[in-house]
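Taken straight from TrEMBL:
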{"type": "ACT_SITE", "residues": "195", "note": "active site, proton donor/acceptor"}
{"type": "BINDING", "residues": "125, 132, 198", "note": "Zn(2+) binding site"}
{"type": "SITE", "residues": "78", "note": "site 'Transition state stabilizer'"}
């Protein structure tokens, strides 16, 4: 879900006017499971969408996977209404921790962007350049160590890399996380240190990580 914030400024560039493309049927190695639709969040749809250029890179990543594996996209472009619902859910979950307002904002920002309708200062998913995904084989989804939208330290991309001793099962989880990261980064995406499932292309977070110019600002559907 996530979106890292408090990002450095980039010099504004002419944004790419690429449309949002449905991911349904784009590749035999890309499955679509619109997570928030299946969980009945406001503003969600029974499909996932990304910018055209991001879709091309996603297909490239899928084609790098070993035979028998495929990508499962859980979320792409996200509406303001869905973003707001996620934000409010996380805020409510944190209320039991008796945090100060400042601490609350810091904790929330680890997991979700502040909802906004400002297309020039969008949350990453509003750009159509952020994607949440996992791996699957013929038996179903691969065990990646946590579920999607897990808010524990185990969801951090390198949690299993840092752990001193790993069981055989944990080594397998680590290797699948490595594989997902490898194919996504080879295709041009950047990873998210807090969430193993989140990758960006073309948006502000990607531009900050690569030193490139922002390709995608917010877009409406």
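Glycine is treated like the rest: Cβ placed from N, Cα and C.
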TODO: Compare the C-alpha of residue 78 (site 'Transition state stabilizer') with the C-alpha of each of the binding-site residues 125, 132, 198, and give the closest one.
DONE: 125
- [ ] Measure from the CA atom of residue 132 (Zn(2+) binding site) to the CA atom of the residue listed as 'active site, proton donor/acceptor' and give the result in Å, rounded to a whole number.
- [x] 9
- [ ] Provide the three-state secondary structure of residue 132 (Zn(2+) binding site) computed with DSSP.
- [x] strand
Task: Cβ packing number for residue 78 (site 'Transition state stabilizer'), 10 Å threshold - done: 30
Open item on the list: Just to be sure I understand the packing, how many Cβ atoms besides its own are within 10 Å of the Cβ of residue 198 (Zn(2+) binding site)?
Closed with: 29
